[in-house]
Amino acid sequence: VVALAVVSIGAAVATVTDPQFNLFGACVALSWIIPSATSKILWSSLQQRENWTALALMWKTTPISLICLLIMIPTLDPPGAFSYSWNYINTSMILISGVSGFLLQWSAALALGATSAISHVVLGQFKTCVLLLGNYYIFGSNPGTTSICGAFVAIAGMSFYTYLNLQNGKLKSGKQSPRKVHDQETKDINVPMLLMDNLFNFHGIFISE
């Protein structure tokens with residue numbers, strides 16, 4: 001919890017560079033928290049419980065996403081697809097964007113299946129901080145000293161969170177799984193029962209003879 005709090009504070013300081021506050025934008029952002037968290041938790045749970053691959057998960061969830069997208073396009077993307085200038089360059093850019101979006105969703109599904117919903121969010125914040133620091137170091141952008149310090153604080157929290165997860169994974173791997181323990185207990189119980197059963201069978205054969 002402490003590591004995640006550090007990550008949240010650092011990511012907020014790194015990304016919130018605009019001091020202006022818009023009520024409508026804040027309401028939209030807050031309203032998206034619950035659907036986003038629910039979808040990530042549901043996807044991760046389905047992958048790990050049903051043993052789905054990333055492509056299988058996308059195959060089952062993409063139709064629902066397409067239906068929601070088609071419903072929202074007329075209201076959120078005016079004037080619409082029919083009045084758009086569909087020339088060769090624009091169409092090529094849209095196709096490249098679609099392929100990139102597919103690869104992005106694929107990588108997200110792989111990360112959700114391999115880790116958890118919280119780790120996926122931490123990974124996304126790590127990507128944001130790396131982009132911010134990369135723009136500052138490579139392209140010479142200046143987001144401000146506060147944003148840079150916030151990015152370093154967030155990365156430090158992510159490193160600590162990753163370290164804790166690795167230690168927890170080592171502890172879990174060192175313990176025997178409950179299924180193995182149950183099988184061993186069943187085996188231990190069955191050994192004397194088999195001995196008694198063989199003894200009774202031998203006694204029955206001896207008496208009948």
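Note that Cβ sites are derived from N, Cα and C of the backbone, with glycine treated the same way.
Whatever TrEMBL says is automated annotation, not expert-curated.
Under the heading transmembrane segment, TrEMBL lists 23-43 (among others).
The transmembrane segment annotation in TrEMBL covers 55-73 (among others).
Beyond the transmembrane segment (93-114), the same-chain residues lying 6 or more positions past its ends with a Cβ under 8 Å from any Cβ of the stretch are 40, 43-44, 47-48, 52-55, 57-58, 120, 123. Residues or ranges marked as transmembrane segment in TrEMBL: 93-114 (among others).
Same-chain neighbours of the transmembrane segment (121-139): 4, 7, 10-11, 14-15, 40, 111, 115, 147-148, 151-152, 154-155, 158, 161-162, counting only residues six or more beyond its ends whose CB sits under 8 Å from a CB of the stretch. TrEMBL lists 121-139 (among others) with the feature transmembrane segment.
Annotation source TrEMBL lists transmembrane segment at 145-166 (among others).
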Cβ-Cβ under 8 Å with the transmembrane segment (55-73): same-chain residues at least 6 beyond its ends: 43, 46-47, 80-81, 105-106, 109, 112-113
